[in-house]
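**Q** Copying in the features that TrEMBL gives for the protein in this structure:
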SIGNAL    1-31  signal peptide
DISULFID  Cys50-Cys131  disulfide bond
SITE      Arg77  site 'Transition state stabilizer'
ACT_SITE  His81  active site, proton acceptor
DISULFID  Cys83-Cys88  disulfide bond
DISULFID  Cys137-Cys315  disulfide bond
BINDING   Pro178  substrate binding site
BINDING   His208  heme b binding site
BINDING   Thr209, Asp235, Thr238, Asp243  Ca(2+) 2 binding site
DISULFID  Cys215-Cys222  disulfide bond
Amino acid sequence: MASSSCFSSARLLLLAACCGVLLAMAGHAYGHPPSNGPAALSSTFYDASCPGAYNIVRRVIQDARVSDPRLPASLIRLHFHDCFVQGCDGSLLLDDNLPAIQSEKNVLGNKNSVRGFEVVDNIKAALENACPGIVSCADILALAAEISVELAGGPRWSVLLGRRDGTTTNIEGAKNLPSPFDPLDKLQEKFRNFNLDDTDLVALQGAHTFGRVQCQFTRENCTAGQPQGALENLDQVTPNVFDNKYYGNLFDGRAQLQSDQVMLSDPAAVVTTAPIVHRFAGNQLDFFRNFGASMIKMGNIGPLTGRDGEIRKNCRRINSKGY
């Protein structure tokens, strides 16, 4: 695995371990006060009821990424696209079951784009075998996001758990996901709608430091003879590594997505997002800390807890009768 330009491989491993400790309190640190909503969420939620949950999720992802190096980036994207619709409730995972359920998977921002559902199915099956009816699909996405980042060389953070699964989808909300073509003011508006500020915006966009994108969504569009679904590396320097090189790409004008480059190029960015881009480009530890804090904050968007929602037996379908 390639190392960061700022850290050697050994120091990066040490950094990730240190960040795991530091980010346990990251929801309060670095300008990210804890949300008032998810009082029932806790990093120890499954310690008694399913103590092996984290290791089960990690094992399934480790096995799957051997044949699919894109998988970690795909799994964190599922968590983003779930939380940005009607909160982190696993609604994105539901298949069509008309007329009751119209799947969010088929809207423009998701269709033929979001992936990794089979791996989520495998995680759920493994958890149901070990701890039937305990771990929600929404929490699987939250755990998978953190594990995917850590496996790719990024930070660890303390994942708050205890979400329950939604029993509805929100098609109109899914149509309003952040777009690769959004200007800066539209991105800021969409993030503010979920109480996410400019630091969260710049940090969370940093997830584009790994993974692939269809060429039809890039600034260059597709080259002659290239099909629209052809894949391009989001970060052409270290495409499978979670590091801060993404921000250096912005300075070089090499961001694949217009919605990334505007954080530096938009005239309003000078006093909003550009200083944060500068910080993260020059300090990977600062980026890692803030990324973990922003992931915790995003994971706190509208969770269902207590008796709300259900614990799905199958992430693709609501239960015929709740637990």
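Cβ atoms here come from the backbone N, Cα and C positions, even for glycine.
Not measured: the values here are computed from a predicted model.
For each feature listed, report its degree of burial, its nearest neighbours and the pertinent distances within the displayed model.
**A** Packing around Cys131 (disulfide bond) is summarised by its Cβ count: 16 other Cβ atoms lie within 10 angstroms of its Cβ, all protein chains included.
For Arg77 (site 'Transition state stabilizer'), the number of other Cβ atoms no farther than 10 Å from its own Cβ, over all displayed protein chains, is 21.
Residue density at His81 (active site, proton acceptor): 22 other Cβ atoms are found within 10 A of its Cβ, drawing on all protein chains shown.
Sequence-distant neighbours of Cys83 (disulfide bond) (same chain, six or more apart, CB under 8 Å from its CB) are Phe194, Met298, Gly299, Ile301, Gly302, listed in sequence order.
Counting only same-chain residues at least 6 apart in sequence, those with a Cβ under 8 Å from the Cβ of Cys137 (disulfide bond) are Gly90, Leu93, Val120, Lys124, Asp165, Arg312, Cys315.
Counting only residues at least six positions away in the same chain, the Cβ atoms of Phe84, Leu187, Lys190, Phe191, Ser259 sit under 8 Å from the Cβ of Pro178 (substrate binding site).
All chains included, 20 other C-beta atoms sit within 10 angstroms of the C-beta of His208 (heme b binding site).
For Cys222 (disulfide bond), the count of additional Cβ atoms within 10 Å of its Cβ stands at 16 [all protein chains shown].
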**Q** Tell me, which recorded positions from Cys50, Cys222, Asp235 are within 10 Å of His81 (active site, proton acceptor) if we use the C-alpha atoms?
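**A** Qualifying among Cys50, Cys222, Asp235: none.
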**Q** Please report the distance from the Cα of His208 (heme b binding site) to the Cα of Cys50 (disulfide bond), rounded to the nearest angstrom.
**A** 32
**Q** Counting all other Cβ atoms within 10 Å across every protein chain shown, which of the binding-site residues Thr209, Thr238 scores highest?
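**A** Counting Cβ neighbours within 10 Å, the top one is Thr209.
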**Q** Determine, to the nearest whole angstrom, how far the Cα atom of Asp243 (Ca(2+) 2 binding site) is from the Cα atom of Arg77 (site 'Transition state stabilizer').
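**A** That separation, Cα to Cα, works out to 17 Å.
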**Q** Could you measure between Cys215 (disulfide bond) and Asp235 (Ca(2+) 2 binding site) for me? Cα positions, answer in whole angstrom.
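**A** So the Cα of Asp235 (Ca(2+) 2 binding site) lies 13 Å away from that of Cys215 (disulfide bond).
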**Q** Could you check which of the recorded positions Cys131, Thr209, Asp235, Thr238 is the closest Cα neighbour of Cys222 (disulfide bond)?
**A** Asp235
